[in-house]
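Visitor: Next up is a structure, given as structure tokens.
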Amino acid sequence: MRRYIQQLILFGSIAVPIILVFDKIKLLWFVSVFFAIVVLINTLTILQGGFTELGFAGIYRQKNEMGQVSALCFYFMIYGFSVSLGFKRQIYALLAIASIALCVLSNSKTAIALMLMVPVISYFFVYVWKKAWGIRQYAAVCIIVVVFFCLIMIFDVTVKGVSLFIYGDDTFTGRTNIWDFAFYYINNSFWFGHGYGSFWGVGDNSESLGEGFISGLIQAHNGYIDVLLELGFVGLMIFFILIIIFFVNIQSSKVIDRSSRFLFLNLLIFFLLNNLMESSIFRSFVTMWVVFLIALCFSGIDKGMSNGRVEKIKF
């Protein structure tokens, strides 16, 4: 019950200010300023150290969190650059470069791979995708998908091969062992799971105790597997419905400007892909989940999201 209440408090603290503020463009710009400060602080920690054996962690506990946050900062810096004028654009451009540097220093391979790939996907949906597509466009997409899978079959691309190429081993740095363990318990309670927040890190009652290095974990390093563990197939379907609503709101809104839409899609797609290797779904203490809720509320409550320029903001 305590963790349910934490989620409600978190969602309320994010949604209420967004509902009450009329000029949401101005509020979103202030959020980008906050992430600019995060970039500056983490950049300064380079002078004081902040490095671990595995990579640069900055002000965070470990490198993967640094990689995730630096990617999020990069997307907000792109947004700030696109809506700013004059010297502010130059500042955001420099901070965007700094965000990339921080991500590279973190040595978080998942974040590095996604940081620049996600904007390409988002650009397609914002600037290329047309609501009134014809048969040729749909046929082209189908051909691309077919060619993609044909290339995978021709070159015999496997999950283990991808893991070996990216991480240097064929287990995604031990993740496949965790996933095998998790699926054993998922099969025991497939439809409704073991209960929200009742599997990892719950003390002596945890079913993960006595399982070697797994007993020290608090996640399965895959957000979707964690949802299956705790909320079951029903919970995972509810989450996917939430994602579909989020995406439809972004794409169909007649109020949200392109810069904001591009930002929201970057955050959504990065969140979804990052959860293939890390777990942040329904985790109130994780930065990724907080940012996801911020984007969700902005896109869902789009009144006041009309086009604006930050130069119009009066301090």
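In case you wondered, yes, glycine gets a Cβ from its N, Cα and C as well.
Nobody curates TrEMBL annotations by hand; they come from automatic prediction.
Below are the features I grabbed from TrEMBL:
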DOMAIN    95-240  domain 'O-antigen ligase-related'
TRANSMEM  5-22  transmembrane segment
TRANSMEM  28-47  transmembrane segment
TRANSMEM  68-87  transmembrane segment
TRANSMEM  93-126  transmembrane segment
TRANSMEM  138-155  transmembrane segment
TRANSMEM  231-250  transmembrane segment
TRANSMEM  262-277  transmembrane segment
TRANSMEM  283-301  transmembrane segment
Visitor: Hey, does the transmembrane segment (5-22) touch the transmembrane segment (93-126), meaning at least 3 C-beta pairs closer than 8 angstroms, sequence gap 6 or more?
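Guide: The answer is no, given that the two segments have fewer than 3 Cβ pairs within the 8 Å cut-off.
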Visitor: Please determine whether the transmembrane segment (231-250) and the transmembrane segment (262-277) are in contact (criterion: at least three Cβ-Cβ distances under 8 Å, sequence separation 6 or more).
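Guide: Checked: the transmembrane segment (231-250) vs the transmembrane segment (262-277), in contact.
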Visitor: Contact between the transmembrane segment (283-301) and the transmembrane segment (5-22) is defined here as three or more C-beta pairs under 8 Å separated by at least 6 residues; is that satisfied?
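Guide: When sequence-distant Cβ pairs are counted, the transmembrane segment (283-301) touches the transmembrane segment (5-22), since at least 3 lie under 8 Å.
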Visitor: Take the transmembrane segment (262-277) and find every residue of the same chain, 6 or more past its ends, with a Cβ under 8 Å from one of its Cβ atoms.
Guide: 28, 68, 71-72, 75-76, 78-79, 82, 110-111, 114-115, 118-119, 121-123, 125-126, 172, 175, 221-224, 243, 246-247, 250, 256, 288, 291-292, 295, 298-299
Visitor: Over the span of the domain 'O-antigen ligase-related' (95-240), how high is the average pLDDT in this prediction?
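Guide: Across the residues of the domain 'O-antigen ligase-related' (95-240) the model's pLDDT averages 79 on the 0 to 100 scale.
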